[in-house]
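Listed in Swiss-Prot for this protein:
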BINDING   GLY84, GLY86, ARG87, LYS107, ASP119, GLY120, ARG170, ARG177, ASP256  ATP binding site
ACT_SITE  ASP246  active site, proton acceptor
BINDING   ASN247, ASP256  Mg(2+) binding site
Amino acid sequence: MTLSFITRWCDELPETYTALSPTPLNKARLIWHNAELANTLSIPSSLFKNGAGVWGGETLLPGMSPLAQVYSGHQFGVWAGQLGDGRGILLGEQQLADGTTMDWHLKGAGLTPYSRMGDGRAVLRSTIRESLASEAMHYLGIPTTRALSIVTSDSPVYRETVEPGAMLMRVAPSHLRFGHFEHFYYRREPEKVRQLADFAIRHYWSHLADDEDKYRLWFSDVVARTASLIAQWQTVGFAHGVMNTDNMSLLGLTLDYGPFGFLDDYEPGFICNHSDHQGRYSFDNQPAVALWNLQRLAQTLSPFVAVDALNEALDSYQQVLLTHYGQRMRQKLGFMTEQKEDNALLNELFSLMARERSDYTRTFRMLSLTEQHSAASPLRDEFIDRAAFDDWFARYRRRLQQDEVSDSERQQLMQSVNPALVLRNWLAQRAIEAAEKGDMTELHRLHEALRNPFSDRDDDYVSRPPDWGKRLEVSCSS
């Protein structure tokens, strides 16, 4: 089958990019590819058998028109000016059989006009982390970009240490960012901002294209998608780590995996990025930061969208987030109905977990084994303050009994939303260290495991992290 690529971005937004081709690495070699995703995208298996090829930027497929996008943004709450694809190149937009499209974005593809002081490269460590994280999020059911392939090489890349240069092929329906809009707003070019909005609506919100109120309805949906995404992050214990406006997807996808982390111990103020000295992007601050970022996006639209309409959409954010979050947390607790005491029970559990630094993922997974008429719980042994747990657990069981649902039905629901496996940093680090020594076994094994996060396991993937694996420091360097 011949893959079809179109050039909408090139043709319709000529002032938003620079056309250029990737710069190949030295002795590049393909070490992993996503066979399931490739099959979904109808990519012939032969493309993965001919060396690095397109996956290493050595060749282009017919119809590709590579480019680097320009955008700007606020970083850590401060206007950073022009940014852009400093090491990534959008190779092309694949047209799928159902009419939808998928961007092919090659990360680590070399210098671009937007590289600033960088070298245009990515390292093996960061490409492995992003491939694992994006696939983990996908199989958890959370909107995200996807990873299609990883190429490593003999090219040295200088970060804190010398690391192997690598490339990641990332795919997504769109790479439109809040920062695209900010770029032209701060250049005082509101018509270019409107062109971006029209492009987004035309191709991703086409049902609104002919509506006279299209901008208000579109922005309201961007707000709702963002609120839903953040709610889902919070329920699985995911911390993004660098929620700058240029890392915010217009489509509500998880974008740009850098110093991310899943909670080990339940720590509301968890900071996964060791460069985040003020805790701006801490786990519990993510909902507020996302709203702040939406406010920055709204500002860019204010020249042609009524401020009252923008504020109305922004005002809906908290309720949408709380609705999604509440629904999912009730499912995680096994509640089939909504009762007035639900929030209190959840908050008391969180308080107990925070005091004892309970493992977030294991606690909810073990809670899924609860039998409503039995005071015994395997979770009890996880707590030091048994009296406090017993008090909470007795009230929790009484609450379960109100729903008049069998244990088996409730447990099935809970186990479908409480993963046994999340991508803990130590698991990623173990795969990285092996890969850097030339052994890709753990990389492939972990990728396979992450495809089934809700399945019971009895290996170390679902155990508590070892002492060395807790509080691993992760930086923005990639």
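Residue numbering: from 1, along the chain as shown.
Cβ atoms here come from the backbone N, Cα and C positions, even for glycine.
Keep in mind that this is a model prediction, so the values were computed, not measured.
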Using the residues the record lists for ATP (GLY84, GLY86, ARG87, LYS107, ASP119, GLY120, ARG170, ARG177, ASP256), what whole-number Å value is the largest Cα to Cα distance?
23
Looking at the binding-site residues ARG87, ARG170, which one has the fewest other Cβ atoms within 10 Å of its own Cβ?
ARG87
Can you name the residues of this chain that are 6 or more positions from GLY84 (ATP binding site) yet have a C-beta less than 8 Å from its C-beta?
ALA68, GLN69, VAL70, TYR71, SER72, THR112, PRO113, TYR114
Here the binding-site residues are ARG87, ASP119, ARG170, ASP256, and the Cα closest to that of the residue listed as 'active site, proton acceptor' is found at ASP256
Which entry in the list of recorded positions, ASP119, ASP246, ASP256, has its Cβ near the fewest other Cβ atoms, using 10 Å as the limit?
ASP119
Under a three-state DSSP reduction, the secondary structure at GLY84 (ATP binding site) is coil
